[in-house]
Amino acid sequence: MSAMVSALTQVVSARSQTEAEGAHSSSSSAGHKRGWLGIDSAPIPSSFARVDSSHNPIEESMSKAFPEEAREKKRRYRGVRQRPWGKWAAEIRDPHRAARVWLGTFDTAEAAARAYDEAALRFRGNKAKLNFPEDVRILPPPPPLLRSPADTVANKAEEDLINYWSYTKLLQSSGQRSFLERGQEESSNIFEHSPMEQPLPPSSSGPSSSNFPAPSLPNT
């Protein structure tokens, strides 16, 4: 684009210079002729004045027609690159994972630069280097995550299943403990209420007659 503009500028300047020189030569010859005829030479009209090379109508028309493109070419943005087909790509380096994060492709360099600024604020906070520091504002907190009805039902069923499993384990553990405690109590009661066997007296070496009654004889 700049090469085309400079080429057109040179062509216009050369043409203007040629026209001005031709007008100057014709006016000088006319002046000589008037002097030879005795007529005073008139001043050169202002329309034939030399065109100022600093005034370039082509560049002015191009800047008026494409003001945004002219500004974008003058300024380079951080984290923004132009694709060969004209789009603008934005990317940023993640300081936590040490990897580049793709932010997308945009129609203008300014939009890509603003996307980079938002990502830089998320990654680095107040230490971020921005393209538009004058437009920094406190970002609102992200909206709460809305769950779909299917996710809500699935989470509720999973929670109920976990609660039921925990309750079942609690019942099993309490039932085993009560059974053992009941068995221990019954065993202790049996030992407490059962009569203890008395030890037998020591026996003598031989049978004693006093211990046995005398047999009775039948009457005759």
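Every residue, even glycine, has its Cβ placed from backbone N, Cα and C.
Taken from Swiss-Prot, the feature DNA-binding region covers 76-133. Sequence annotations record features per position, and here Swiss-Prot assigns compositional bias 'Low complexity' to 19-30, 205-214. Among the features that Swiss-Prot reports, compositional bias 'Basic and acidic residues' is placed at 57-72. The annotation region 'Disordered' is assigned in Swiss-Prot to 15-36, 48-72, 176-220.
Summarised as a single figure, the pLDDT of the DNA-binding region (76-133) averages 91.
With helix defined as DSSP H, G or I and strand as E or B, the DNA-binding region (76-133) counts 20 helix, 18 strand, 20 coil.
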